Every structure is written in C-alpha cells, then in structure tokens.
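Here is what TrEMBL records for this protein:
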type	residues	note
TRANSMEM	21-40	transmembrane segment
TRANSMEM	103-126	transmembrane segment
TRANSMEM	202-224	transmembrane segment
TRANSMEM	244-263	transmembrane segment
TRANSMEM	333-353	transmembrane segment
TRANSMEM	386-406	transmembrane segment
TRANSMEM	438-457	transmembrane segment
TRANSMEM	469-491	transmembrane segment
TRANSMEM	511-531	transmembrane segment
Amino acid sequence: MMRFVNFGKSMKYNFNHLNTKACLYKSLLSVLHFLLFGVNKFWIELSYFISFSVIGYLALKISSPKDASFSPQDFDIFFMSVSAVTVSSMSTVEMEVFSNAQLILLTIFMFLGGEVFTSLLGLQLMKFKRSHQIQKTENKIDRFSTDADCSTSIPTNAFDQIELGVTSQDQQLGNDQKPDSIPESGVTSFQGQESINRASDLLAFSILCYLLVVHLLGSVSISIYNSTIPSANEVLRKKGLNLITFSVFTTVSTFANCGFVPTNENMMVFKKNSGLLLIMFPQLLLGNTLYPACLRSFIWFLSKITKRSEFAYLLKNPRALGYDHLFSDLHSIFLAITVFGFILAQFVLFSLLEWHSGATAGLSAYEKLVGSLFQVVNSRHAGESVFDLSLITPAIIVLFVLMMYLPPYTSFLPIKDGKCFPATEKKTRAKRKNILDYLLFSQLTYLVLFVILICITEREKLKEDPLNFNLLSIVVEVISGYGNVGFSMGYSCGRQVKSGNNCKDASYGFAGKWSTQGKFILIIVMFFGRLKKFNTKGGKAWRLS
C-alpha cells in the first residue's frame, strides 16, 4: 500500500514537473514570438547594436592590451566598442595600444556591425516572418474551408499573393508596386512558398558569397602587397603589427566602411604607398555606396553561370523579397552615376585647393593624385585618412561635412517610373498616420541639438582652448559620428593658446579630449546615425512658409 502511495506521489510530481516545463516552454515561445513579430524593427536593431557594444566592451576589458602600463578608463573602452559595432571609427584612445587579440576582437565586431552583414540577418528574419504569415493565412483558409459548405468557393486572394511573392512585408513596401510576371522558363519552378524561399535562400547565398569573395581577395591582396613592398613591411615591423591581422583588420574595416586602421596615424603612414591605396579603393565602394549596384551585377553574373530561374526572378523583381539593398537596373545605373559624380566633383575641388598645400607636401604628383582620390572617396561614410584634416582648407572640410551628412544611397533619379524608384519611396493609399510621425524632428534638427549640447558640455574648453575647441571641429565630429564615417580634426598641443605643461599630442580623435558627458552624447549620435534609416520621414509635420 505504501509503495502504491509513493508511486502515485512520484507520478504526480513528474506530471507537475512536466507541466511546469511545458508552461515555461510556452512562455519562452510567446516571448520569442512577441520579439520577432510584435516589436518594431527599430528596437530589434537597436538592441542588436547595444548588445554587441556591451559584449565588445567586456571582451576588450578582460583582454590584455599591448602595453601593460596602459589602463584606459572603462568609458573609453565602451566608446571604442560602440565605435566598432556601429562602424563609426571615432576613437578616444590610440589604436596601437591594442594587442593582437584585441585587434581580432575589433575585427569581429566591425564585421558584425557592417551594413552588408546586418542586412543579411535582416533578410533571414524577413524570410522567417514571411513563412509565419503565410502559414497563418493557410490555417485561416483551412478553417474556412472546413466550416463552409462544399459548394462555397474558397477565397483565392491569399494564394494569389503567395504565388506572386507578395506578403505583408511586401505590402508595407508599397501597394502600387507588384512583382513583374515570372519568366516563362520559371513558371513551373516558382509555385508557392517553397519557390519564394528558394529565391530568398539564393539571395542570401549570393550576399554571403559576395562577402567572402571581397574579404578574401582584399585580405590576400593587402597581405601580398605589405609582404613584398619594403616600405609598407617596415611600417608593420616598427609598430609590431602582425601581417595577417593587419590585412584582415584593414579589409574588414574598409569593406564595412568603418575607417579603423591598426596604426595611430590611420592611413597617413602609408600615404606614399599608392599601390596599397589603390587596392583598398574598390573595397570602399563595394561595401557601401555602390553595394546595391555591385550586388545586382554579382547576381546577374551568377544567373548567367547557373541559369537558375530564381536569379532571373530576383533581377526582374528586385523588391519582391523586401531586401532594400537590391535595386532595379535603372536605379543601380543612376546610383553609380551619382556616386562617381560626387567623387569627381570632390576630387577636382580638392586638387585645385590642396595640390600645393601643407597637407600634400612631400608627395610626388602621382602620390598626390592617388592620395587625393582616396581621401575624397573616404568622405562618403568610410573615414580612412591619408591627410591631416586640420591642415586642409575649410572649404574642403565643409564639403566633406556635406558628403558625410548625405545617406550612402543618395542618388539622382530623374525618371519617375516604378522601375527607377524603390517601393519604399511610394506612398500607399491606405497608410495609417501615427501621432509619433508628427512629433519627430528632422535628422538635421537632431544634429543641431547634438551640437548645441556638446557646446554646452565643452563650454569651458571652448573659452580656454579656442583653436582646438572651435565650432567647425565640433560640427565635423558630430556629422562624422552621425554618418558613421570617422573623420576628425584631431587635437594638437601646438594650437593651445595657453600651453600646458602636461599636454601631450596623441593620435586619436578630437573626441578623446572631450568630457565624459560630451563622449556620451557622441555615443548617442553614433547609434542615431547607424539607425538613421528609421527617421527619414521625420520632420514632415513642419511647414516652412
């Protein structure tokens, strides 16, 4: 009898234990479902960048620097972590203090924060949401068909949308644009959700191959150059930098348009190595301003080789999967024209004003040509410098500020048709207005507020050290952080009005001399700039008349 009672108690305990586990599992699924489908994409991306910034801080904190006597403040370490994850390359400490292990950590976080990689994660999230939405639609139709009479016709709108590849995500992009008809060669292969998933998988595969090919070729090219050119190799030897680490770090930073270089002087120490600059030049464009055009060309190349109908479908319907970085052929052409137009305009003005200036002194005509081209290309969201910005004409600095402020995919689109303009730029007829849309300021307004706040936090230094702490330098730092560029006017003890006995020149950004409050504001600017795509409609309620 006692055995029977004990057995019953044991069964009851096991049942309650299993029931608790099931409830916990359901709760976790509910939380995950809410995070994926109930949370705005802005909060998902913000959480992503904040999480990796904290992880980066902890990783850098527990790892040992190159110089054991170096002990930076915790806030500066967090600042550098945020700068790497948001690919901003704003610095408050010198790069050469980091050990080889810490440089590898920074490389990983720059890669994780790069726009191409995060867009790949977003594509996979959209695929998961699309599958979930279609499953819900199919379940509703199944319930409808079960409850209805046999003679009742089943609505086909949902299935028609699935066949066309139009889901709720696509409808948000714009009701006016629908994917073009599928080529006859792919009619049988593009049926249902599996076909859409295959197209999404091939797009993700193309992006992954694109990432691997560019990084592999870039790392190998830089490694070969530095190992064969004595002057470049001597720089690495004197600074104690590992050749492989330097090559991979620089490639990842350049492709992600971060702008970090493992040397204190950034690329200024390599300004006479024109070959290295030419190797890095295409990487600057492939990872940012020309990424949509290059990705489309890469998909076209794969379609010609593989003859897969899914590639042809992606080229014909670039917005069908909701991937914002895949443009139409016409849009890609105008984007490329705009990018090279900006480069040409900057290059001409820079050459006219800086050819005989102190910034380019000591260089040959060929080195000036390559260096000038490299500098102006970096003004569009890359941030690597071969010239000291403090020596450059203010007119050029203002031009750089404009280039840093413009979004990476700014383009001149004179033709108004569905193939040229992306669906996200079209207005939907039945768009609900959110009160928040009327309360948001424009991006320029926020930047003005950030500049004002920094001028308040640094007001004493603006009075005591006006040559270093001037408004233009602060504006450059703020716009550079917003554009995730990394340009900085720097700080020089020689420009101090009252020279201090303890002043020591350091090769890090101007923000390194700011107060903790000013650095914190700049961290907010970097996050704001990394997520600026969510505020493109801000300030629409204001009318200037």
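For all residues, glycine too, the Cβ spot is worked out from N, Cα and C.
Here the transmembrane segment (244-263) touches the transmembrane segment (202-224). Their Cβ atoms form 3 or more pairs under 8 Å, with each pair 6 or more residues apart. Counting Cβ pairs under 8 Å to the transmembrane segment (333-353), the stretch among 202-224, 386-406, 469-491, 511-531 with the most such contacts is 386-406. Long-range Cβ contacts of the transmembrane segment (511-531) within its own chain (Cβ-Cβ under 8 Å, at least 6 residues beyond either end) map to 42, 45-46, 49-50, 75-76, 78-79, 82-83, 86-88, 90-93, 113, 446-447, 450, 453-454, 457-458, 461, 468-469, 477-478, 481-484, 488, 491. Note: the stretches the transmembrane segment (469-491) and the transmembrane segment (202-224) are not in contact (fewer than 3 CB pairs below 8 A, sequence gap of 6 or more). Between the transmembrane segment (202-224) and the listed ranges 103-126, 386-406, 438-457, the one holding the most Cβ pairs under 8 Å is 103-126. For the transmembrane segment (386-406), the list of distant contacts is 266-268, 270-271, 277, 342, 346, 349-350, 353-354, 357-360, 371, 374-375, 379-380, 444, 447, 472, 475-476, 479-480, 482-483, 485, 487-490, 492: same-chain residues at least six beyond its ends, Cβ to Cβ under 8 Å.
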